Amino acid sequence: MTFLDSLMAGLSLVSNLEVFLALGLGVAIGVIAGAIPGMSATMAVALTLPFTFSMQPVTGILLLLGVYKGGIFGGSIPAILIKTPGTPASSATVMDGYPMAERGEAGRALGMALWASCTADLVSNLSLILFAGWLASFALNFGPPEFFTLILFSLTIIAGVSGESLLRGAFSALLGLLLATVGLDLIYGTNRFTFGDPNMMGGLNFIAVLIGLFAIPEVLAMAWHPTGHLGKTRSLGKNKVTFADYKKSFRSILRGSFIGVFLGSIPGIGAAPAAFLSYSEARRKSPNKANFGKGEVEGVAAAEAGNNGVAGATLIPLLALGVPGDVITAIIIGAFMVHGLQPGPMMFVVNVDLIYGLFIGLIVSSVFLLVIGSAAIRGFKYVADIPRRILIPTVLILSIYGVFAVNNSVFDIGVMLVMGWVGYLMMRMHIPAPPFLIAFILGPLLEDNFRQAMLMSGGSPVILFRGPITWFFWGLTAITLYAILRTGLRGPKPPDSDAVASPAKN
Amino acid sequence: MKLKPLSLLASAILLGAMSTAALAEYPERPINMIIPYGAGGATDISARAISEPLSKAAGKPMVMSNITGAGGATGSVQVKNARSDGYTMLFARVGSHTVNPAMKATLPYTLDDFRFVTVYEINPVVCAVKEGSDIQSIEDLAKKAEEGGVSYSSSGVGSMLQLAAVMVLDEFGVKDPLNKATHIPQKGGGEAATAVLNGTVTFVCTNSSALANLIANKQLKPILVTTKEPLAGFDAPTAVELGKPALTELVGWTGIAGPKDLPDDVAAKWGEWMAAAVADERFMKTMTSSGSIVELMSPEDASAFINRQYETFKKLVDKLGMRVEG
């Protein structure tokens, strides 16, 4: 069958109203679910799955993919408006999105998040269609040693999100690494820091830590100083993103999209690290580096491009290898199986019409995301206009509800509240929260892959240099470390000196 | 949970009053069903597939909640500590209820803390190597393991996958399989299969459903299935054909359990509901399409089956010194 035949077969499969309705419905469900804190994209996809069993395969799978893509974008809405990431993937969006909302630019931040998401989504889908086979065979070269070097390099992001003081950033990261060790040891299966409590055996719930660290300190700050915000203006969120904004951030969006595609095609990393990596790269390359973390629109664009770039690319290992790249694609694989379809290389021969049908549907989904996302923003941005004395207690209630809903566990609410105090103290002492989060996500990956690599080699560290991929990442790590040290040794630059000095007074 | 003596007494009286009421007309409110594994996993899909016909049979909704962590222990403990009024029930699984209790010394529960009302699904176990590997059969694997340099993946310490690989090596005459072959645990079942595909490990033994598509796509090659009869779609000899009938004990399963003091009539009700629920066509299709065998057991059969498997695993764990302390 020629390419054109396959394309026509795919078109005939998807060219009915039902398919497009399912796709649109999926995106809408995803955006709304993603916008509710604690209702992650994963949960939304899992809850939608049973409804797809009675549908045609292509309809059902596109419905799920719509929920997935909508959910990843939807997470940025509360991240920007109330400093509470709706899904873990949008935690990098908080860093610049929330300061923008504080300044009364919620509409602009949300608009940029949408444009960046849709662009990245399109790039990601095109990469899936054009390079699936190539990227998949590349991803198969990633064993534990390659993973270890990639994660090690990713940890250098910490320097990029530390804000004013690298030392405070490193301290924050250490705290994150420490808390990430709670739970069962992967290799021996023994308990670590669980204090005999079964609730701690699974480790600290990621969403609880996330919301505790970002949203709760705002609540505490409000309770501590109820009238502190009155001087600051928080004008109506009526502003919009301009084409000039988009053009200015376009390079970062494109770079973020490719980072997302690259990390998404390798099974087992997920969207949150991609968002952080894209953000820190954008900051490194940007002329107004100093403004990152204080409400830079390019930061929002980079973070959202990074996490949405992952969404299409996670289908690469799924379709080309039959391997789920993350939890969400593991659920979607279930939808394939129920219809008797076996994702993998053979599917490109046996069910080529379905593959092309999915490709066409995915391209259309980027457009749907743009339309439905705009409508959602129009509705949600008025949250920014709600008076703070009403908004903040609402955030507290939403946070408690959301964290409970993840695992139906009261213990997790406790974790969130304790982390809230930790986050508040960190805020008071000018210790940045993002390094904590990155270390909390990447720390366990680093440890597990290191130990798996050591098991593979029988304890010889030589395996960590076993091929070109490892050399590449060792090289990148060395260059980045050198750059960080050089800026560090040169001492604080004149415009930064105030910023470095002021926290010392506290 | 910490309760003051007085409130403990009060709740005991209340519980007594409530349980007599419950006996009269169970269920009079929705039933809370705990899935101790994450959304989208084998247990979750199986649980959600049966929930609909089950709710219909019971006449009250079943509220599904995933309480994940620690290889199913977090959710299991929650049911162990729940009231035994039949309104909090657990989807128990091979990993959480036979492998974990056999392997982990510090597990916060034992098999005796639960009363099983049914086992409704059996998943055959398949061992597979990478397609194109020089290992053609399970004998080749055993021979290579004797020489050293063989490794296997699992979804974590105390998972069925780990025990399955060790048990298979042991059955095929590998002496001291714990030291001759290297266990490289992964974060989940999907990752365990990927590890074989990208060459991190030599082989994996896991539920047929986790490998079905990789084998259909000729990326992995099955070398053993643990059923008595050959398994459709898996071109490999069965444990019986290979003269190792003991390996037929090695199967995955999903069942439903309540706290240990679950009243008899509640268990009996569950028996009736399950009989009606498994007859549902859509449930059947969901299960069989992923390679599972629907096999409904009565409460007594289920307990006997689980205890037998536990004893088999326990014996192996003790013989090889696999118990995880601390």
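Residue numbering: from 1, along the chain as shown.
Placement of Cβ uses the backbone N, Cα and C atoms for every residue, glycine included.
Sequence annotations record features per position, and here TrEMBL assigns transmembrane segment to A:20-49 (among others).
Look at TrEMBL and you will find A:21-437 tagged as domain 'DUF112'.
What TrEMBL records for A:61-82 (among others) is transmembrane segment.
Per TrEMBL, transmembrane segment is recorded for A:147-163 (among others). Outside the transmembrane segment (A:147-163), and at least 6 residues removed from its termini, the chain residues within Cβ reach (under 8 Å) are 95, 169-170, 172-173, 266, 268-269, 273, 276-277, 279-281, 283-284, 293, 430, 432, 434-435, 438-439, 442, 445-446, 449-450, 453, 464, 469-470, 472-474, 476-477, 480-481, 484.
Per TrEMBL, the feature transmembrane segment maps to A:169-188 (among others). For the transmembrane segment (A:169-188), the residues of the chain that approach it from at least six positions outside its boundaries are 155, 158-159, 161-163, 194, 200-204, 209, 422, 426, 431-440, 443-444, 447-448, 451-452, 455, judged by C-beta separation under 8 angstroms.
For A:200-224 (among others), the entry in TrEMBL reads transmembrane segment.
The transmembrane segment annotation in TrEMBL covers A:258-279 (among others).
Annotated transmembrane segment per TrEMBL: A:318-342 (among others), in sequence order.
Look at TrEMBL and you will find A:354-377 (among others) tagged as transmembrane segment.
If you look up TrEMBL, you'll see A:389-406 (among others) marked as transmembrane segment.
Residues 88, 91-92, 95, 151, 154-155, 157-158, 161-165, 168-177, 179-180, 206, 208-217, 219-221, 272-273, 276, 293, 503, 506 of the same chain lie 6+ residues outside the transmembrane segment (A:418-442) yet bring a C-beta within less than 8 angstroms of a C-beta in it. Taken from TrEMBL, the feature transmembrane segment applies to A:418-442 (among others).
If you look up TrEMBL, you'll see A:463-485 (among others) marked as transmembrane segment.
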Listed stretch, out of A:20-49, A:200-224, A:354-377, A:389-406, that has the most CB pairs under 8 angstroms to the transmembrane segment (A:318-342): A:20-49
Chain residues in Cβ proximity to the transmembrane segment (A:20-49) (below 8 Å; excluding those fewer than six residues from its ends, i.e. six or more beyond): 14, 55, 59-60, 62-78, 82, 84-90, 207, 211, 215, 327-328, 331-332, 334-335, 361, 364-365, 368-369, 372-373, 376, 380, 398-399, 401-406
Highest-contact recorded stretch vs the transmembrane segment (A:200-224), from A:61-82, A:354-377, A:389-406, A:463-485, CB pairs under 8 Å: A:389-406
Maximum Cβ pairs under 8 Å to the transmembrane segment (A:354-377) - stretch from the list A:61-82, A:389-406, A:463-485: A:61-82
Beyond the flanks of the transmembrane segment (A:389-406) by at least 6 residues, Cβ under 8 Å: 36-40, 43, 78, 82-84, 205, 207-208, 211-212, 215-216, 218-219, 222, 226, 383, 412-413, 415-416
